[in-house]
Ligand code: GAL
């Protein structure tokens, strides 16, 4: 008998005996019906259904159209004195409108003694749920996770029709939201006596090298008339899977029960950013001796301390927060959450030396938190971008009064066991900062945080920091986040020595990958008529600063906890400074572009944040239009000394210079006259000995298409991804750094072309097209696996270029 057959007979046996040891978790990810429609009630007669998989974002296929989100609006945060025409603000994609999803559900008659729940991780937005035409419930905030008990409405042994209607109103966000059921959905079938939804809360109140104490609160639901005893055994498993502690308690049955248990673990392996050790608590529920549920919770042992003078401590070790803000969209994949795409973003950030993520400005996907737990990235989970006073006509302000308490409570209950979460943000740049009632709302939300999780601080990001101080918003939170107040940290620290301060949002430097503008200058009002921005990393928005400015403040002020840079990746929407009738539809703020390709700025952060040796030189060296003119050269490095050679001639050795604004964190050779050939930098150690070098040569004509995948082997699960970087190279293999060839992409075999992205914020070709121009010589092809094993063949062609072929393998 195969193991599979044995297991299914075993589960039938369990059901015949009236109990199930394990809850069944059924992902509802395949073959949903979907249609866009224009009424809010579910339509019973279906004419134009598409079949889609969940997670699904109906807007990401495009087409881009600047009319779609054109709006006349005053963005106070950007300094607008009056309403202006804005374009591309939410990505110029068709996210607005209504949609309906439908799925057939079936459970056999034998399960009619069980409880049935449906869980949604996030539906954008105004989701209404119906089962067999009957209204079940709704959840307006598109970022909230929620669950409904379907048991009393479910027809066991028959076909059930689940309908989900969605409505995205115009002007509901300042950035791209995505559209539809963009996060996973699952059906859960449990015994009547089971651990409730998000039913455990695990803390580690005392940790020493010898032992760690664990406090476990568990909520049990008991849907039974029978009398008897419920026993809960909680077992703790260490990172290697060994059971290292357990605790057992019993109570007389009641419909809901709260168990509070404590146990200790000897010599716990701590969770930190280098060694993110994870433990698992397994809750086993018994009723009158029969096991009725098993439920697992991942947690970790770590301490966090926030000191007003000494900054942040992780496990008693002083640790500066080197964080980035991330929006929830995955660039060309839209908002539809994908595990691998999220993991890739975090890998790229981690490699830069980043140790923390701020989920600006909304609850993240569960996938992101699970990955941060595993990879060792700390997280600030943020709840809201607005409270009662809207930034957008149909924004969260329309929901605040009715839903804020529930949305925030649910967020914390969902996420409070993750060791990666270190603080809860109750909001970003609230308009209430300059209003008297602001302090009261901040206290209301901060109290919810403390009630639901006494182990972590509340915080918020204040851009009108003086208003927030005067109106009591700053006093209401445990950690006072300043957005773009690098110039005022010291003064406010002196005026309010009790505040624990940090940069909740910093820099907002802007750049386009591979673009360099002349003359090179410190520029707080960047605007160029090709709608691109210089990568010399001295361009930033009027309220922002160059990365160097914030580094300086962080380095010179021990009291600051650290910073969250705006942003790690480019994102859809908010194309500042080109948001007013320009072709742009995505941001320029990213340290990494929308395709996931590194901009020069990446290496500036890496040189400051990581302890790996970093040596990076810019710009490229192909300037036929600048013969005999100045092309300044800059280097990002953490080596003490670097010598530059242009066509073999030394241009001098440089060290960083603390006394000057753009010399403390970078090395510069400003007066270099361009001649074709090569530039070479040699990094030297303290003794002046050469350690590493980089050479950039002037490129010849485009000749070939070079392809390199981040992973050559994919899982045959229909959702794994390979990101293939494309480079246009000359005959010698040099990148053609200004090339814009149009490429055509074919994918055959056991994978499909998921998206193309070149990182150019002005490109209005849909990501799901099979052709696209490279941007400054590069783009990324995203290939998705199918369910079958075998080869995936990729062919990329372009005029006057040799066609390239690439092979991926899809395996179990
Ligand atoms: C901040 C805001 C962010 C983003 C950023 C751009 O004011 O919190 O969401 O808009 O500016 O610089």
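The backbone N, Cα and C atoms fix where each Cβ goes, and this holds for glycine too.
A TrEMBL annotation is a machine prediction, not a hand-curated record.
The annotation domain 'Glycosyl hydrolases family 2 sugar binding' is assigned in TrEMBL to 28-188. Positions annotated as domain 'Glycoside hydrolase family 2 immunoglobulin-like beta-sandwich' by TrEMBL: 201-302. For 308-463, the entry in TrEMBL reads domain 'Glycoside hydrolase family 2 catalytic'. Taken from TrEMBL, the feature domain 'DUF4982' covers 628-689. The domain 'Glycoside hydrolase family 2' annotation in TrEMBL covers 705-803.
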Most CB pairs under 8 Å with the domain 'Glycoside hydrolase family 2 catalytic' (308-463): which of 28-188, 201-302, 628-689, 705-803?
28-188
Using DSSP, tally how many residues of the domain 'Glycoside hydrolase family 2' (705-803) sit in helix, strand and coil.
0 helix, 55 strand, 44 coil
Can you give the mean pLDDT for the domain 'Glycosyl hydrolases family 2 sugar binding' (28-188), rounded to a whole number?
94
Count up the helix, strand and coil residues in the domain 'Glycoside hydrolase family 2 immunoglobulin-like beta-sandwich' (201-302) according to DSSP, in that order.
0 helix, 69 strand, 33 coil
For the domain 'DUF4982' (628-689), jot down how many residues DSSP puts in helix, in strand and in coil.
0 helix, 29 strand, 33 coil
